[in-house]
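All remarks here apply to the structure that follows.
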Amino acid sequence: MSSRWNRTIYVGNLPGDIRKCEVEDLFYKYGPIVDIDLKIPPRPPGYAFVEFEDPRDADDAIYGRDGYDFDGCRLRVEIAHGGRRFSPSVDRYSSSYSASRAPSRRSDYRVLVTGLPPSASWQDLKDHMRKAGDVCFSEVFPDRKGMSGVVDYSNYDDMKYAIRKLDATEFRNAFSSAYIRVREYESRSVSRSPDDSKSYRSRSRSRGPSCSYSSKSRSVSPARSISPRSRPLSRSRSLYSSVSRSQSRSKSRSRSRSNSPVSPVISG
């Protein structure tokens, strides 16, 4: 996971008419903000991703704003990749900690869940997936289509049963619902479908550093930074080739003159 997610928070249950400047007003006091990505779906609630410069500021924002009442809406604030940081206000969102801060168990019997609504938390996912068996770990994270998650089962049979029973089922929480897909997790699998994984990787490589959340980095395109270096190089090559051609012509002319027969002089 990119380090920017350590300093990016998810803000859920926002009013449907909220503006970006109002989101900034809610969080600016906790530290410098790099970017705010506000999403207003056709049906509320809205949500946003707020990136801070410092991960500690993100922690402070979670502690200060999770559960905050904004215009009659109780905000839900957690670290963007599933609530992996601990604070008293987000303990219920983080599967990595219990009440005593003991780390949760992991296993090799893992499934990938895609198509989750943006408001889904690890606890929502765990509640849904435990219908198929004993869940020992769950985590959610944002992707380009919304949210995805991973769920670890304590045994192989429960994992296989979850794929059969819960694939293409309706996931619900207090805020929204969506139909999800469940498949066995592979080490190379990510939060996108197998059909478009190759094209997405190739596109992301071509974009390079310009895919950052920062507005400054978005304004810099790798293609623009490379082209000024490539153009002088092509000119220098063409100049060199033209000079070499002219030199070869002059040498060939001088050879032809030196090798041409001298006409005899006829005296009268």
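Keep in mind that glycine also has a Cβ here, set from the backbone N, Cα and C atoms.
If you look up Swiss-Prot, you'll see 109-187 marked as domain 'RRM 2', on the strength of sequence analysis. Taken from Swiss-Prot, the feature compositional bias 'Basic and acidic residues' covers 186-199. According to Swiss-Prot, the feature phosphoserine maps to SER193, SER210, SER212, SER214, SER219, SER221, SER227, SER236, SER246, SER256, SER260. Feature annotation from Swiss-Prot assigns compositional bias 'Low complexity' to 207-247, 257-268.
Residues in the domain 'RRM 2' (109-187) partition by DSSP class (helix H, G, I; strand E, B; coil) as 19 helix, 35 strand, 25 coil. On the 0 to 100 pLDDT scale, the domain 'RRM 2' (109-187) averages 90 in the predicted structure.
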